[in-house]
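**Student:** Pasting a structure below so you can have a look.
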């Protein structure tokens, strides 16, 4: 298993690109297209918010036959909470299908941007009708750039590995990085792979990889109306199709988790106003789900996140946030580490080297470990600190 | 039912006061005492955090006999997550008992302040051993001041009403206003009343009033290790003791709710860095508990709270926060009002007068109503905006 550079076009038989069609007022690229030269097995994970944007509802329907050949994505408008949302999502799929010369039921749609304002569909139609040559086997990065909103850098990740003598590639792109002024709806991810795999196994792998990556990142705890993670597998690697669990499937799963976690960590690092990427690791838990629940409670605590911004060795807030997670545990058995510095033992504070704690907290990437002393399960959640800039980005009328 | 000025000493037979004993380094008052001249029926509500400070555990035990005659409270140190916590809480009760000449099993204890640092108990013992004359029937405000931490003003509320020919008083004090740098543990409330009431009925009333007030306020969503609300009822009003539900009990409950909601609203208004007091009212819900769940989800959303700070008519964030509350509802039936301005109908945005929205959002006190169109239940939650100063107060090493 080897990490390689690139994103959605590292896998054989995929093209992608990004272009500006005027949805973003600043003229930045706002339309991305990901295309597989052959029909691909496809799957998706979508927001659990009961308020779901039209592209989410539409793409779920498109995936009923477990196949797709392209994904059209736009930034700058979420196509959410508008009366013409469904019609717009359908029109986007049709525009992409006409441009690519494929049936429109093979196109998935994703949008990110303003909620409650109709998407200027004609700008997408007119742009694609001009037949611009903007997708290619080298266009992955341009696609990753075209889906950015308040992201400060494009997010790509990729791996390659050998499977029965063939080289398999998995590459992805994602965008964060919070829900954004005036009111945006946010996380999009697309992963492509040339592996040959059965639809049921692909779904299973995406679910697990999503749970271990995008579902374990929090910037502000807000789940948007548009969050989605899509995957296309076109079989160009020529391996014997994966149809059951086993070493080959586990290898693919490992690769998919690697790509998704890399993207998820980039999202946390690029969280709105973030100055630090922080991994909250809960160990010694009775079950993995309890570890996740506690880690998320800590990772979403404003008091923990402001203390991290303040580089304050504030284990009391960490312990308190674990305590109100809803999970029952014995506080008297808890140990808390900042990096490798033990600051709390048996639920009580220790006298520790403040200067050493400061050095840990000054890092741009840091690990906080909470050991519950209850069992052997563990889980990590990635988050970022809560800074003045988060307030500035999200409350900007007053800045 | 009439609101009157004052706090824990408006009821007959209560004395209180505040004094500085040196726990706070700035020399501000940090010790409060509330005393009933006669033994009182008592009850309490305590934090649901599994990490509970020693005074919480101790006071719960003291309340097993449903009686108390005094409450000793300190600010500046939470007596939480320290090995000598229980001994310190016991010593505080003993010091207050000796000072007042009552048995120490009649004293409740509450602390708020730094977590994980042992409370300098000797300072309290030495101060009280000096027999200072600091409690009186006019000392309610001094007591309210002595429990302040980052609160910018003391919080008191009181009512009086007639009950079978007698005048009954209910008065209270509370402090907020978030968990505070370096790591504090927070909400304390004490209510006193001269009504004669049975212990079971007092517990029932306190539970309901707490649910409708302190349990519906959020500053940062963090539940501390020390939160508690205590009530003492000494019967000095001379009414026939309330022992069953009925008009008299309902009148008392109304009064208690009035006092607790007044204090709770003051806490939200004085939330760390708050510039606005915001009531999130969810109407048209299937059940009250669903209305509360959705209102709390909106009231704790950083994106909603920063938008409120930004005075941004950001109904999309409000709808999205309702959507991930865990409650199922039909987005297509939702209406959202800023003040009395309808900004979202049938789950879609409306064209509205931005200037009028701005005027609503500029108010220091504002109401946001979300009508789910599902039923007739409703609930309100009080919150505040998320400002630069919240980050400054809680991340101050970097400021």
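Using the three backbone atoms N, Cα and C, a Cβ is placed for every residue, glycine included.
The feature substrate binding site is assigned by TrEMBL to A:149, A:175, A:186, A:272, A:394, A:399. For A:186, the entry in TrEMBL reads active site, nucleophile.
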**Student:** How would DSSP class residue A:394 (substrate binding site) in three states?
**Tutor:** helix
**Student:** List which of the binding-site residues A:149, A:175, A:186, A:394 have a Cβ under 8 Å from any Cβ of chain B, in sequence order, or say none.
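**Tutor:** Answer, by Cβ distance to chain B: A:394.
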**Student:** Report, as a single number, how many Cβ atoms besides its own are within 10 Å of the Cβ of residue A:272 (substrate binding site).
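**Tutor:** Around residue A:272 (substrate binding site), other Cβ atoms within 10 Å: 28.
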**Student:** Of all the binding-site residues given, A:149, A:186, A:394, which residue's CB has the most CB neighbours within 10 A?
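**Tutor:** Counting every other Cβ within 10 Å of each candidate, the maximum falls on A:394.
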**Student:** Which three-state DSSP class does residue A:175 (substrate binding site) fall into?
**Tutor:** strand
**Student:** Run through the Cβ atoms and count how many others sit within 10 Å of the one on residue A:175 (substrate binding site).
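**Tutor:** The answer is 28 other Cβ atoms.
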**Student:** Which of the three DSSP states, helix, strand or coil, fits residue A:186 (substrate binding site)?
**Tutor:** coil
